[in-house]
Amino acid sequence: MLRPGAQLLRGLLLRSCPLQGSPGRPRSVCGREGEEKPPLSAETQWKDRAETVIIGGGCVGVSLAYHLAKAGMKDVVLLEKSELTAGSTWHAAGLTTYFHPGINLKKIHYDSIKLYEKLEEETGQVVGFHQPGSIRLATTPVRVDEFKYQMTRTGWHATEQYLIEPEKIQEMFPLLNMNKVLAGLYNPGDGHIDPYSLTMALAAGARKCGALLKYPAPVTSLKARSDGTWDVETPQGSMRANRIVNAAGFWAREVGKMIGLEHPLIPVQHQYVVTSTISEVKALKRELPVLRDLEGSYYLRQERDGLLFGPYESQEKMKVQDSWVTNGVPPGFGKELFESDLDRIMEHIKAAMEMVPVLKKADIINVVNGPITYSPDILPMVGPHQGVRNYWVAIGFGYGIIHAGGVGKYLSDWILHGEPPFDLIELDPNRYGKWTTTQYTEAKARESYGFNNIVGYPKEERFAGRPTQRVSGLYQRLESKCSMGFHAGWEQPHWFYKPGQDTQYRPSFRRTNWFEPVGSEYKQVMQRVAVTDLSPFGKFNIKGQDSIRLLDHLFANVIPKVGFTNISHMLTPKGRVYAELTVSHQSPGEFLLITGSGSELHDLRWIEEEAVKGGYDVEIKNITDELGVLGVAGPQARKVLQKLTSEDLSDDVFKFLQTKSLKVSNIPVTAIRISYTGELGWELYHRREDSVALYDAIMNAGQEEGIDNFGTYAMNALRLEKAFRAWGLEMNCDTNPLEAGLEYFVKLNKPADFIGKQALKQIKAKGLKRRLVCLTLATDDVDPEGNESIWYNGKVVGNTTSGSYSYSIQKSLAFAYVPVQLSEVGQQVEVELLGKNYPAVIIQEPLVLTEPTRNRLQKKGGKDKT
C-alpha cells in the first residue's frame, strides 16, 4: 500500500517549478501604449469614491479588477481582508481544462486558458502554466457513450477535443494500467497553473491599469443609499461605491448577511495528496497529461518528479465544515488548512494505485486539506442580484482557477456594457430564492460534491434535498403517479406511468422507459383531453399609472388590449433575446406577466431595474408562490370545462389569446385561452390552496371524454411539432429574434423606443448570417436533445437547440441554427448523435399546424394540414 512519508507537512504546499518568463519590457495590458503609471501601494493609498468595489482578493476577485481596469474603468478598488490568495485560492490544485459538460461554460474555460497563456508576457510575472493536455478515462461502455455525447456537443465550439483509442492513451501516459481502459477524451492545451503566481500576475496587471488593491482591509459594514450607491466601511475608513461585487469566497455568506441576504453556499473540505519523487516519472521525456479517472473519482497530475492526486469522496463520506455553516468562518482564518483524513479517501487512493501502479512505490510527502465553497448545484453564482440595486456577486466557485479568467472578463463586459456578453443563465445568482434553505443547500452540496464524476446524462435528475417547501398544491395527489422533475424548487410531472409500467428513474443516452408512456400522453392531448400542472410558472402582477409605458419600453411587441394576452420578448440593448413572457392585460393598466420557472427572478430583476432607472410609477409584485396553474388541452378541452362554468367558452365568444376572470366549479380563476401544446386549451390561474379541488373537478367532469394527465416531456414533443420556440434553447442572450424566427412578435414600427429597437434595425439592415430551422431525421434509438453538431460537406456548420421524437411522423425532430445559405426547405444536412452522423432534412415549419390555424383554414374552406 501507499507508504505515508516521515511526516505530513500540513500547511506547506509544494508548487511546481515555475516557468521562467522572457526578459525585457512587457507590452501594455491597459490598451494605452506608452502611458506610464506611478507605482501603487496596496498598503498606503485610499479612495473616498469608487466606481466599483470588489470584496475579496482571491483569483476571481483579482481577475475582475484586472479586466475592469484593463477595459478602462476608472476607480476600481479591491478590498481584501487579509492578503491576496487567502482563502481557497492559495491551496488549490490549479487544474485548467477546456472541457465542461455544459455548453456555455466552455466559453468561460476557453477565455481563462487564452488569458493565462499570454499573462506572463503581458505582466512580466511568472505564472507557472503547464499545458501537457488532459485525458478523461472511460472504463465502462456507458462512459464511452458519454464521451460520444460530449464530442457532438463540442464540435461547434473553438475547443479542441478528441475521442482517442487505448493505444493512443498508452502512448501519452505510459505509466497507466490499461486493463480496463476502453477510450479516452483528450483535450490538448489542458493542464495546471500555480494559483498564487496567477493571482499575483493578475494583480500586477490590475495595478498597472490603475486599479487599487487594498489589503488588509476587511469590510465591516455595507449600507445601501437611496440613489443606488453604497457606503463601504473598513477599519481604514469608508468609501462610496457605485456598485459592489461580492467575490469573497468562503466569506461570501458573511458579506451577504451584512445586507440581509443568505447566499446558498456550503464550505466543504477537499483533500489532495502530493507524493515523493518517483523514478519512472523522473525518467519521462515529457510531462504527463492530467488524468481524470471518472470511475475512481479522482484527478491526477505530475508534480515535479512525483504525482499529485485529488479525490472526490461520496456524499456519505465527504466532509462539510458544519461549524462554519452554524457559526460562520472563524475571524482569523485565511491561509490555514484542516487536519488531513486519509481514511476518508483510502478507496480512491487504492483506485489510483490500481490505475497508476507506480504510485505504490511512492511516499506521501504532503496532504493538503483545505476549504472550498459549493453552491447547491456546484456552479458558481455570477451577476447582479435581484432585489438589491448595484449588488453583484461572483461566488460559489468550486473550480475557481479555471473559472477565474473567463468570469472576470464576462462580468467586466456585463458591468461595462449593460448586458451579458453571452448567455450564462446557469450561473445566474437569481436561480435560487427564499426556498433555498440551509438544509437544502447542504444536502445538495453534499450530493454535488459526491457526484463530481458520475455519468452526465441528458434529462438528469438529482434527488437530495427534495421536495422543498415550494411544492404545488397537487404534489401529494400526483407524486405516486408520475416521475417528477425539479424546476426552480418546484416538483413538476415529467411523465406519468400506468399500473404495470416501469416507474424507476432510468437515465440513458438512448430512448428509455419513459418513451412509450410519453407517446401515450402525446396521443391523449392530440385526440382527447389532458391536464398538466403548470404551477412552477413565474408570475408577476404589474399595475400603476405608468404600467403601459413601462411595458412598452420593455417589450418588442405591442401591449395587448384589455382582456387579451400576447407573447412578448424583452431584448437587450444589442437586440438579443433576454426573456420571453406572456403578457395579459387584465384590467386597464393592470397586467399579469408569466415566465418560465427557471427565469422567474432573472426576469423580475430586469423589469425592476428598468422601472427604477426610468422612474416609472408602477407597483411590481411577484405572485409566483400565491397562484397555482392548471393547463387543460386537447380537442375535448372546451367540452369538459364548459360543464364546470356558466361562462360561454365557444370559439366566437372566448377567443384565442383572450383572458377572462370566471369561476370553474365555483372556484375563481383567471382563464387564458392559450396552450404551449398548440392544441385547444386554457391555462387556469387560481389560488394555490384551490389546486386540488380544481383538479378533482376537472378530472371528474372529463370522465366521459377519457381525460388523463400529461407532463413536460409530452409538452416538449407537442411544442416542437408546432414549431414553438423555447426560451433558453432556441432564444437567449446569444440570439436575436430575427434569426430565431420571432419576427411576428417584434414590432419595429411601434412608436415606443423599446430596448434593443435600434440595434435590431441595424441587424435587419445588415442581414442575417444564420437562421433557426426545423429538421427531421430517422435514427436508431437516440433522439436529439440540443447542442448537437450539424454537419455539411464534412464540416460542422451549426448546432441543434432542442429535439424530441415526433410521435406523429415517427422520426426525430429538432430545431437547429444553420448558415442562411443552408436554411432553405429541403436542404439536407447531418446531425451527429453518439458518434454517428444521421441524414437530416430541413422542413417547412410547423410540422403540425396549431389548433387556431387549423380553425382559420377550415373556415376558409382549406384542409387540416399536418
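The backbone N, Cα and C atoms fix where each Cβ goes, glycine too.
Just so it is clear, the model here is predicted, and its values are computed rather than measured.
Record features (Swiss-Prot):
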- 1-50: transit peptide (TRANSIT)
- 20-42: region 'Disordered' (REGION)
- 59-60, 80-81, 87-95, V219, W251, 397-402: FAD binding site (BINDING)
- K114: N6-acetyllysine (MOD_RES)
- K148: N6-acetyllysine (MOD_RES)
- K148: N6-succinyllysine (MOD_RES)
- K168: N6-acetyllysine (MOD_RES)
- K223: N6-acetyllysine (MOD_RES)
- K317: N6-succinyllysine (MOD_RES)
- K319: N6-succinyllysine (MOD_RES)
- K335: N6-acetyllysine (MOD_RES)
- K360: N6-acetyllysine (MOD_RES)
- K434: N6-acetyllysine (MOD_RES)
- K434: N6-succinyllysine (MOD_RES)
- K523: N6-acetyllysine (MOD_RES)
- K523: N6-succinyllysine (MOD_RES)
- K655: N6-acetyllysine (MOD_RES)
- K655: N6-succinyllysine (MOD_RES)
- K764: N6-acetyllysine (MOD_RES)
- K795: N6-succinyllysine (MOD_RES)
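Sequence features annotated in Swiss-Prot and their locations in the structure.
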residue : record            : Cβ within 10 Å
C59     : FAD binding site  : 35
T89     : FAD binding site  : 28
A92     : FAD binding site  : 30
L95     : FAD binding site  : 20
K168    : N6-acetyllysine   : 15
K317    : N6-succinyllysine : 18
K335    : N6-acetyllysine   : 15
G400    : FAD binding site  : 26
K434    : N6-acetyllysine   : 10
K655    : N6-acetyllysine   : 12
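Ranked by CA distance from K335 (N6-acetyllysine), the binding-site residues C59, K81, F397, G400 have K81 at the top as the closest.
When Cβ atoms from all protein chains are considered, those within 10 Å of K148 (N6-acetyllysine) total 21, not counting its own. The Cβ neighbour count for K795 (N6-succinyllysine), using a 10 Å radius and every protein chain shown, is 9. Between K764 (N6-acetyllysine) and K148 (N6-acetyllysine), the C-alpha separation comes to 38 Å. The two recorded residues, A92 (FAD binding site) and K317 (N6-succinyllysine), show a Cα separation of 21 Å. For K655 (N6-acetyllysine), the nearest neighbour among the listed recorded positions (L95, G400, K434), judged by C-alpha distance, is K434.
Rounded to a whole number, the distance between the Cα atoms of K319 (N6-succinyllysine) and T89 (FAD binding site) is 19 Å. For K523 (N6-acetyllysine), the nearest neighbour among the listed binding-site residues (C59, L95, F397, G400), judged by C-alpha distance, is F397.
Distances between the Cα of C59 (FAD binding site) and those of the modified residues K148, K317, K319, K360 are shortest for K319. If you take the Cα of K360 (N6-acetyllysine) and the Cα of F397 (FAD binding site), they are about 33 angstrom apart, rounded to a whole number. For K319 (N6-succinyllysine), the same-chain residues lying six or more positions away in sequence with a CB closer than 8 A to its CB are V268, Q269, E313, D341, R344.
F397 (FAD binding site) sits 36 Å from K795 (N6-succinyllysine), taking the C-alpha atoms as the reference points.
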